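Features of the protein shown, as given by Swiss-Prot:
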SITE      R17  site 'Transition state stabilizer'
SITE      K24  site 'Transition state stabilizer'
SITE      R157  site 'Positions MEP for the nucleophilic attack'
SITE      K213  site 'Positions MEP for the nucleophilic attack'
REGION    229-266  region 'Disordered'
COMPBIAS  243-252  compositional bias 'Polar residues'
Amino acid sequence: MTGSIWAIVPAAGRGTRFGGPLPKQYLQAGGQPLMAYTLAALAAHPALAGIMVAIAPGDADWPGWTAVQSKPVLTCLGGATRAASVLSGLLALPESVRADDFVLVHDAARPNLALADLDRLLEIGRGDPVGAILAAPVRDTLKRAGDDGGIDGTEPRERLWRALTPQLFRRHQLIRGLTEASAAGVEVTDEAMAMERIGLRPLLVEGAEDNFKVTTPADLARFEFELANRDCGPGTRDPESAHPQSSVSASAFSGPGSRAPGPEEI
C-alpha cells in the first residue's frame with residue numbers, strides 16, 4: 001500500500017480526569033510524551049501519508065514536530081470538544097485529500113496501537129463503503145444499576161463491543177456526521193456515533209485488548225509496564241502483536257522537539 005491515508009489526532013483536551021498540570025497526551029512514559037508513541041505507531045504503516053494534530057490554542061507543550069518517520073505532521077487549532085477538534089482537522093487537511101478519501105482518527109493518549117491491528121483495520125475498512133472501527137468484545141458481566149445503587153438486572157453481552165481507535169471513515173461522510181451532530185446539539189463521544197446518527201453502519205474490526213486509552217494514573221503505570229517488558233519491535237516477537245513504537249529511532253521525529261522514543265530508552 002502506498003501512503004494515501006491521512007490520520008487526525010485530536011489533542012486539544014486537558015484530560016481533567018487524570019489530574020495534574022499536563023494534558024495526558026504530554027505525560028512522560030519511558031522518557032517521552034505519550035503522543036510520541038501514538039504518532040510513531042501511525043507513521044509506521046506504509047499506507048499513512050501524514051498526520052494532522054488538532055492542538056489547543058496557545059499550547060505551550062506541543063513539541064513542534066513537523067515529521068515522523070519522514071511522514072509530515074501538520075497542526076491545526078482544535079475546539080472545545082473532541083468532535084470539534086476532529087472536524088477542525090478534517091477541514092484543515094491538505095488540498096490533495098479528496099472528499100471521498102478515507103481518513104483515520106486516533107486518540108492522542110492511546111499509545112499502544114499494534115501495527116497488525118492498524119493493518120487489519122485498513123484492509124477491512126477500505127473495502128466497505130462506510131468504513132470501520134477497531135473494537136473489542138465485552139467479556140465482563142454487565143450489571144444495570146438502579147437509582148439507589150442496587151442491581152436492577154444483568155445485561156446480555158453477546159453483541160456488545162467496546163469502541164477503540166483508530167476509526168476509519170470517508171472524509172465527506174464524517175464531516176457531514178459531525179456537522180449535523182453539532183447543529184443538533186448532540187455531543188458525540190466517538191466518530192462512529194456521528195456516522196450512526198446519519199444512518200451509516202461502520203464495521204467492527206476486533207483489536208487487541210492492550211490498545212487502551214490512558215485516562216488515569218493506573219493506565220499510565222500500565223503503559224510504562226508494557227514498555228519495560230516489551231521486546232524491541234518487529235522481528236523480535238510475534239508480528240501479530242508487534243508495536244512499531246519500540247523500534248523508532250531518535251532521528252525519526254523532525255522539528256523543534258525532535259527526540260523520539262528509541263529502543264535504548266525503552
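Every residue gets a Cβ built from N, Cα and C, even glycine.
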Using DSSP reduced to three states, classify K213 (site 'Positions MEP for the nucleophilic attack') as helix, strand or coil.
-> coil
Most Cβ neighbours within 10 Å, among the recorded sites K24, R157, K213, goes to K24
In whole Å, how far is K24 (site 'Transition state stabilizer') from R157 (site 'Positions MEP for the nucleophilic attack') when you measure between their Cα atoms?
-> 31
Compute the C-alpha separation of K213 (site 'Positions MEP for the nucleophilic attack') from K24 (site 'Transition state stabilizer'), stating it in Å without decimals.
-> 10
